[in-house]
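These notes are about the structure you will find just below.
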Amino acid sequence: MSETLKKQNSSPRLELLNITKQYPGCLANDQICMTLMPGEIHALLGENGAGKSTLVKTIYGIVSPDAGQILWNGHEVDIKSPAIARDLGIGMVFQHFSLFETLTVAQNIELCLTKSQLEKIGNLAEKIRDISKDYGLNVDPDRYVHSLSIGERQRVEIVRCLVQSVKLLILDEPTSVLTPQEVAGLFTVLKQLSSEGCSILFISHKLHEVTEICHTATILRGGKFVGDCEPANETPATIAKMMVGDLAEQDAGYEKAHGGSVIFSANDLHLPAKNPFGTSLKHINFELLKGEILGIAGVAGNGQEELMSIISGEDNRNLKKVLTLDGIDLGIMSAGARRKSGLAYVPEERLGRGAVPEMSLSENTLLTHSSGFVKSGLVNWSAVKEYAKNLISQYSVKCHGEFSEAKSLSGGNLQKFIMGREIGQNPKVLICAHPTWGVDVGAALAIHQALLKLRDQGTAILLISEDIDELFLLADRMAALCDGHLSPVVRTEKTSIDQIGQWMAGTFINEPKVSEALA
Amino acid sequence: MDIDLITQVLFAAIKTGTPLLFIALGEAICEKTGVLNLGQEGMMLMGAVVGFMAAYATGNAGMGILGALLIGMVMSLIFGFLVLHLGANQVATGLALSIFGGGLSAFVGSSVVGQTITGFQPIEIPVLSDLPVIGKVLFSHDPLVYLAIVMAIIISFVTNKTRLGLTIKAVGENPHAANAIGIKVLKVRYLAVMFGGAMAGLGGAYMSLVYTPMWVENMTAGRGWIALALVVFASWRIGNIVLGAYLFGLASIMHLVLQGMGWSISPNLLAMLPYVATIVVMVIISADKYKEKLLAPRSLGKPFDPRQMA
């Protein structure tokens, strides 16, 4: 606990005592204690599944704890619902946003307010404009949420909390969806709030951010409290050690490759969105070389999904002479035919797209490997099982066996299995989205090495990720997507996080000459 | 066609469209909260038979309406319990409810087949009903016709202008997010389902108390199904639902008029007219697919379990 803060404000704003929550088969929170002072920016750290989300949902009244006490300004409170939490002055910005896309900003905010609050505010639209001006948030109350970018939506959620004059603001991984520049903007707002006495609980697993703005940090591992610290006195490495337990094997830098001849190209790929929540692709051009990894950065929702589905063939609109794989026009080819010509695909969504949740691992193997295992319409099941068993041991997938249902695996293990299955097809081109999202450190390392090995065997890999650090680690060349525009493609060693960050925000769109200068 | 015939056709069209309007309005609210209740036909038949029996037993058509409202709500509660509480598949449960209601209404009503009652008397609105043509077409109906129009106006106001309307829309779009900001999703859905049941019962009662004041097995003749289609083709917009319901009424009457005029078209083909005409017009109205996707309740048909956090 920070000494300076303690001296300034003798009584804590929020105290958690022995909070415990048991889910079927998983102890999400095991006797967790935590203290928050007024004006404190407190980080809640831990790997996926450490129990961070459960803990903040308990504070916000969405999850009711099995045991433990919550003290608010020194008094015990029973937060049964989010409405009670908001009444106390607790606001929350969710990781997966809780906004309604078919309503306007003002309507979204109105839904969170009680009648008496609304009467006190009077003109809600005016209030929203005032707040967004005071904090430099730039939120227009009359716009429909579906027309807003991800960063704008987050600002709406923050304004929604500020309208209710919050005393504790909870942010669940707020920076994972923002460009580096947007993150800087968010931090300015948080610092301003903190100086006004608002406590902030900040969930993250990006350590350099935590050391930058947080006064104190609580670290969870496997549902248990493992320690707290003052991030200013720590380094990312020492905090990481507490999060992971033993010193995790960090990815060292890898050697960059120079690709060979062109194997895949997109030539003026221009495609209107299929639905109002989608993004149109705008005149995208790029070439993929044999034996290289091309990384595409960008905040989710800027056209990644559309780009992947048109390349994989899921989006079956006919484009003539736009996508070419090894000299073949992909034009009207179905997703299956594209796979047969050497295209493999690891989608972002593991359950439902990458694998059928209710089917066993061996059945899921068969889905993309049909040609080898089927003779005159009959499936050679023993060969399929053998193959699945091999994948499981080769990629150390933790599961009961090849008969396990895909949905019974953890995200990281299923991802290793899917990666292995796709790599096993010896593809000419692999499209791969967010390969290590939600995957623990050890599995991420294994996936990285598998990708690099595949690259060295001559496969061209298109890597789409929101994790800039990962892209800089793996990609040989890089570009960024913003609002369906693709930035110029540059070699990774010739660019910087700052430059890619600006491209993610779309600075390249109005300056077409930059591309020529950099090429 | 002379002016009298036109007046009569339009008058009958509004009457014919009224039961459809009741059901479609109820189902629209239900679907706006994300619940698809395919049991409309069953609830409507139960409303028709119970409404008729209550009116027959008490000699009071008002009691018939009350009975129909109650049985509609009871039927919808069965549906609500299965799909909301137990998380059963909405499509299968709704279909079962329709079949169940059809059979049960035939069984319950066997004793009153062929009996007659005095239904509602028309109310001629003073001054307005004296207007030429319009007076007869719009202002000399039975009270339920006016009720349907008033309901449409109220529902349109509530869904577009009030907090309750926002809540309904929010639950239908994203129940998990609605839960996270403290809206009681299941409560909203239960109430919407019950409202839909009451309206379906009312639509059924209109058939057996006013439209043809008697009870015949399966007398609703698929109106519950056409109402379901109407809601979707009207893109959940109340104005379009009103238009579609009366259009259906008009086409139903036209097929009788055309037959009467001795058109040499198979009566079976003519009988299709109301269904085809309604659907074709509604498809044309909602041709802008891009815009329509914004209007559809995005969680429609998907169960919500508050214990399972997204």
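Residue positions begin at 1 at the first shown residue.
Just so it is clear, glycine is given a Cβ too, placed from its N, Cα and C backbone atoms.
TrEMBL entries are annotated by machine, without manual review.
Remote same-chain partners of the transmembrane segment (B:6-30), defined as residues 6 or more beyond its termini with a Cβ less than 8 Å from a stretch Cβ, comprise 36-37, 40, 44, 133, 136-138, 140-142, 144-145, 148, 151-152, 155, 159, 168, 192-193, 195-200, 202-204, 206-207, 210-211, 220, 223-224, 226-228, 230-231, 234, 236, 238, 241-242, 244-250, 252-254, 257. The transmembrane segment annotation in TrEMBL covers B:6-30 (among others).
Here TrEMBL flags B:42-59 (among others) as transmembrane segment.
What TrEMBL records for B:65-88 (among others) is transmembrane segment.
The transmembrane segment annotation in TrEMBL covers B:95-117 (among others).
According to TrEMBL, the transmembrane segment annotation covers B:137-159 (among others). If one looks beyond the transmembrane segment (B:137-159) by at least 6 residues along the same chain, the residues whose Cβ comes under 8 Å of a Cβ in the stretch are 7, 10-11, 14-15, 18, 21-22, 25, 28-29, 32, 65, 119-125, 128-129, 131, 165, 168-169, 199, 202, 206, 210, 238-239, 241-242.
Listed by sequence, the residues of this chain that lie at least six past the ends of the transmembrane segment (B:190-212) yet keep a Cβ under 8 A from its Cβ atoms are 15-16, 18-23, 25-27, 29-30, 32-33, 35, 37, 40, 43-52, 55, 61, 64-65, 67-77, 79-80, 84, 117, 119-120, 142, 144, 151, 168, 219-220, 223-224, 227. Summarising the annotation, TrEMBL assigns transmembrane segment to B:190-212 (among others).
Positions annotated as transmembrane segment by TrEMBL: B:224-248 (among others).
Under 8 Å from some Cβ of the transmembrane segment (B:269-287) lie the Cβ atoms of residues 226, 229-230, 233-235, 240, 243-244, 247-249, 251-252, 254-255, 258-259, 263, all in the same chain and six or more residues away from its ends. Positions annotated as transmembrane segment by TrEMBL: B:269-287 (among others).
Sequence-distant contacts of the transmembrane segment (B:224-248) (same chain, at least 6 residues past either end, Cβ-Cβ under 8 Å): 13-14, 16-18, 20-21, 23-25, 27-28, 31-32, 38-45, 98, 149, 152, 155-156, 159, 200, 203, 274-275, 277-279, 281-283, 285-286, 292, 295-297.
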